[in-house]
Amino acid sequence: MQMLTKFESKSNRVKGIAFHPKRPWILASLHNGCIQLWDYRMGTLLERFDEHDGPVRGIAFHPTQPLFVSGGDDYKIKVWNYKTRKCLFTLNGHLDYVRTVFFHHEYPWILSASDDQTIRIWNWQSRNYIATLTGHNHYVMCAQFHPKEDLVVSASLDQTVRIWDISGLRKKNAAPSSMTFEDTLHRSQTAQTDIFANSDAIVKYVLEGHDRGVNWATFHPTLPLIVSAGDDRQIKIWRYSDNKAWEIDTCRGHFNNVSAALFHPRQELIISDAEDKTIRVWDMTKRTLVQTFRRELDRFWVLTAHPELNLFAAGHDNGLIVFKLERERPAYAVHQTSLFYIKDKILRVYEFTDATDMPVVSVRKIGGQYVNPRSLSYNPAERAIILTTPTDGGTYDLFHLPKDITGEPREASGDGKRGSGTSAIFTARNRFAVLDKTRQQIEIRDLTNIVTKAIKPPATVNEIFNAGSSNLLLLSTSTSVILYDIQQRQTVGEINTPPVKYVIWSADHSQVALLSKHTITIANKTLEQSCLIHETIRIKSGAWDDAGIFIYSTLNHIKYALSQGDNGIIRTLDQPVYLTKVKGKSVHCLDRDGKTRAISIDPTEYRFKLALIKRNYDEVLQIIRSSNLVGQAIIAYLQKKGYPEVALHFVRDDKTRFDLALECGNIEVALETAKKMDRDDCWNKLGVEALRQGNHQVVEMAYQRVKNYDRLSFLYLCTGNVEKLRKMLKIAELRNDNMSRFHNSLFLGDVEERVRLLKEVGQLPLAYLTAQSHGLIEEAESILAASGLTPEDITDLPTNGQLLKPPTPIIRQQDSNWPLLTVSRSFFDSAFANPESNPLAAPLAFSDAAEGIGEIGDWGEDDMGFGEEGEKTNDQQRLSGEALEEGSGWDIDADLGTQLDPRITEELANGSQEFVPPPSGTNESELWIHNSPLAADHIAAGSFETAMQLLNRQIGAVNFAPLKSHFLKTFQATRTYLPTNVSLPSLVYHVRRNPEETETRRVLPILANNFENIRSTQLPEAYKTTTLGKFQDAIVQFRTIIHSLLLVAVSKKPEVDKVCVRAY
Amino acid sequence: MTSLYKIPAEIYTGYNTGAFEVGKFSFAGTGISGSYQQVINEANSRTQVSEAAKLERKTYLYRAYIAQGKYNIVISEVKDSDAVELRTVKLLAVYLQAKAAGQLDSKREETLNELSELLKEPANSLNSTIQIISGTIYYHEGLLEDALKVLMKNNKNLECVALIIQIYLQMDRVDLAKRELAATKSWAEDAMLAQLIEAWVGLRTGGDKYQESYYIYEEIAQSPSSNTVKILNGQAVCHIHLGRYPEAEGLLLEALNKNNDDPETLVNLIVVSNLSGKSSDVVNRYTTQLKEASPNHPFLQDLDLKNSLFDRAAQKFVLA
């Protein structure tokens, strides 16, 4: 038996402790008056309650309400609400120190024991006391309710333990709803009068036997037994029946005052702690000492057991400890569809396939009564089992399973092969490895338990694990895990990790998860790390999913980890479980009672993420369609991980859709959403993105919507759209924006307009100059005339002026877009673009499918409506333009948009019925460049420049001339020409060196210089030339070979070595 | 439109409905596999057909001549009074002749204007012959989007689909090509052209599709009339992609025997010689041959481009 410390706190002397029944909390009341609330799982102090004056000795949680009670040396009993963190009220009445306080499990009662020699029962709902138990004639050190019956046990320094019957009190309080007002009144009066002689609580038995004061007494949870601990250094066990009570036995061994003692809730054990700085465990039936745990400095003052879990806590001079007495993890091993595990000292087999569970062998004799086997290794070939137990510093037992499993557990066949070792595992059909930790030796033994080999490990090893093959072992040291070859006695691989406690291999042995206390390291079979996951709470166990996802359990969660490091919570757990197998949607596990369970989980999230990572877009799509994976979290995830185009299809909110569409360059969707929202900032953003892609038609629309006249004019200038520029000029005139008019006429090269404008704004000299320099002599003269000057009056005219005439556009691109920037279109764009099969997303503009027209057609119609209106306003404008010479009073702003729109709407209307051509995809040459860092691959792709840069960087090449023929050779060997349609040029096909690959992110070009060729043809030839003595030729040949070796791509390491050998 | 194609001229059924019927002749099947002479012979032999069928037959006849590079026959025979289809075919002949002669610049504007005039007529824009011819010319001009626009209005015409898919492949949109192919397979399951399209797409996809593409070509090659240079090249390309160079070389040499200056055969021979480690002499011989046969072949243009690119790029690294 060992003490497994789960938590330790450092504080002032702890006089009282209480576990929360559900949460991982513990209350400690201190000698300095403070009450601390700890989370013992996280190891953090949650709260402090500082209201008592002087030491607080009694403390207890309410079993169900968010309450706790405390009693202190200030005679006060305080009831607290831990949610509001406030003391609700104080119960006054005791006349001396309060020693212990406890809640009743059912009634709203508090039981308190005090140095005033009384025990009191309080009602915390009515907040008054309802009974006083008198009879002790010294301090009452402890008083507790029976967990089920109407009994109270108390211990006092008067050397007695008393059992009280409180059934009268219960009867009085029963069915309070039926009580009349008079009854209540009467009761309350009697309670007052019966303080010293009440019949509600009577002494049933007085147990005498301790020679000194008794510090503690408590009931057994189920049996009619009491254990008491006293200053006589003894622990006494008492039995009681309906009519009598007697002492059964005494446990002697403590050599100072025993502070507390209690029954182990699940085993036949008694645990006690004392001022002799020990915690002792006793056998309840034999009354013998089982184990002593000693501390150097700390006297123990209090002891308690968790009401539900296998946990204990003891308070001492400098804090408290939370501990358990045994590992709750059952020893288990999984082999294919069978789970071998140990429950209650019986080896059982559970079949995952049909859920049968059979006991096989009793292992009672192994390891002693209180020690459970620690680990189990199964040998399927010989049906043998090795168990390791911690007894005597580590022992292993080897035995065979019976041939037939009858359902009755048998004794382990007595071949009794046993030895000492801390961990032992089968490595082969007839071999197992044993680690002797103290001697630091690994022994390989055969099934007759004879050592065949002894190995000195390369470092200090704590545990050994299987490594998938018969001659490999994983050795866990305190800083790393070593992959060790037993045959060659050498380290094959090593990975740095915190101390690893468990090792779990994936089914195909390609990946391994190394579990430490707070980290999981996932590595491949040569121990190359693929990810490291940190957890703040303890990791308990794990199992691999068939798809290569690691599912693991912590103290309170089942989580998943993808091998590239993504992890997340699948579900929460009330109690820790030990995962044994993951199959589809269910996780098989063992719980702490050693029961097999299957927990159903929802694998959608991690499958989705896995599919995304593996770029298995078909599956992603299927998951999107078949499940309701919607929500901010998933959108945020997709966006963060760089899949905005996928996220786009989860979003309905226009704003988010718009942002995502811009992020992935999907102009169609951006346009659609921008139209819906119709906000200036959106149009601006859209304009920027569309301009970046070269889609100037959308840019135009965006500028129109935000009435960005200057940019619009410039855009028309760029695209050579003279017609629109004229329109802009007209608009500028209507807007009375002279600067804009000037710009537009400048863009148009419209001199008359400029002269007119300058005249209008009174810049006559400029107007004259303009006219004069453009050869409009008449106009110039009329200006002069108008200003009353003659040409002679104009002197010192600048002579170096040049005519500014904008070039006539050669290509008018108003109808077609510029060549668009290639926006990588993911699988999803096309997948979602097919509206028939896509329930989620709105159809994109691309598609000749008639289904698509519905929505797009709507815009068309809308805008057509606009268009007509626009035309009307155009007419009106013409009329009013004539009527209103001044041009004022025309509300341009309101109608401008519609006036400008007809062209675009026309486009759109056509677009909806017509086919919108898709943009080009990525050429395979580009893929090659992306996919490979090798110069040769870049050459094959035709990107000589990058290839040279690579060679320059990698081998420092500067003189490329000798390589020219190799470059061209490599390049021209990569493209085949396939004749296709009649009278059309052939299609180019790219030859791959990995023809089995269909994933575009991994395709690589064929290389004309392959190693095999060089070795089998060129090299022998060169050798031959050498032997013939034609050294000049030979040098040329060898040089060619060395040059071509530069452009060889090899995939396997041995080949690399060979290449190197040849190269030198 | 359907009535037009319910003609007794069963020789074209395969072509018009997209269903290739065994034993019956079709341009789509025969023409596409490269047996142009067979098309010409067939078209000249039969007599008892309706007007519509006659027109179609003539169309194919002229297209076969064009495919053989005999532009002058077409240009001289087709008159302005002939049906619009034939005039369109003539347009193609004129265009391709100019292109072959390297005098395209003068004809380009003219041809494109004429085409857009033609297509303005709604009836013409749905006429598959005109669609195919316009698509072809646009393709030659690199106006892939225009070609797609014209061809998209097809009424389940397999040849239009074949063009569309070639355009998609040219645009590196294998995804779209696959989609189009899947849609096509639903109505043109076993037509030879449909199978060929599948092979084209398959060769771009890779993986198992290489082998599947090979089987398609192999099956087609088994019929003696289809064992043409074109199909042999297809088979050889499959072999190359699968890394089976000796087989590829054998087929290509066979193709070279049939037509010793087919540029594609020569290009593929260059590739396979390079890959199988043949000496540079062999490669150079084929390159010279190609230069003679088709001096403007894109392969050569590419090579020239890369040649100068190399010099330019290498210049940057020369130590001062």
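Just so it is clear, glycine is given a Cβ too, placed from its N, Cα and C backbone atoms.
On a predicted model such as this, the values are computed, not experimentally measured, just so you know.
Annotation source TrEMBL lists domain 'COPA/B second beta-propeller' at A:347-591.
Annotation source TrEMBL lists domain 'COPA/B TPR' at A:619-774.
Per TrEMBL, the feature domain 'Coatomer alpha subunit C-terminal' maps to A:826-1059.
Packing against the repeat 'WD' (A:7-48) from elsewhere in the chain are residues 54-61, 63-64, 68, 70, 72, 80, 82, 85, 100, 301-302, 304-308, 311, 313-322, 536-537, 555-556: each is 6 or more residues past its ends and has a CB under 8 Å from a CB in it. What TrEMBL records for A:7-48 (among others) is repeat 'WD'.
As annotated by TrEMBL, repeat 'WD' applies to A:49-90 (among others). Residue counts for the repeat 'WD' (A:49-90) under DSSP, split into helix (H, G, I), strand (E, B) and coil, are 0 helix, 23 strand, 19 coil.
Long-range Cβ contacts of the repeat 'WD' (A:91-132) within its own chain (Cβ-Cβ under 8 Å, at least 6 residues beyond either end) map to 16, 55, 57-63, 67, 69-73, 75-79, 138-145, 147-148, 152, 154, 156, 164, 166, 169-170, 173, 191, 195-196, 198, 200-201. Per TrEMBL, repeat 'WD' is recorded for A:91-132 (among others).
The annotation repeat 'WD' is assigned in TrEMBL to A:133-167 (among others). Tertiary proximity for the repeat 'WD' (A:133-167) is limited to same-chain residues at least six positions away from its ends with a CB under 8 Å from its CB atoms, namely 96-97, 99-100, 102, 104-105, 109, 111-115, 117-121, 196, 200-208, 210-219, 221, 226, 228-231, 236, 238, 240, 245, 260.
Among residues of the same chain six or more beyond the repeat 'WD' (A:207-248), those with a C-beta under 8 A of the stretch's C-beta atoms are 138-139, 141-142, 144, 146-147, 151, 153-163, 254-263, 265, 270, 272, 274, 276, 282, 284, 287, 303. Taken from TrEMBL, the feature repeat 'WD' applies to A:207-248 (among others).
Distant neighbours of the repeat 'WD' (A:251-292): 1, 3, 142, 212, 215-216, 218, 220-221, 225, 227-231, 233-237, 298-305, 307, 310, 312, 314, 316, 325, 370; these residues of the same chain sit at least 6 beyond its ends, with a Cβ under 8 Å from one of its Cβ atoms. Residues or ranges marked as repeat 'WD' by TrEMBL: A:251-292 (among others).
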Secondary structure of the repeat 'WD' (A:133-167) by DSSP, residue by residue, totals 1 helix, 20 strand, 14 coil
Secondary structure composition of the repeat 'WD' (A:91-132) [DSSP: H/G/I, E/B, coil]:
0 helix, 24 strand, 18 coil
Within the repeat 'WD' (A:7-48), count helix residues (DSSP H, G, I), strand residues (E, B) and coil residues, in that order.
0 helix, 26 strand, 16 coil
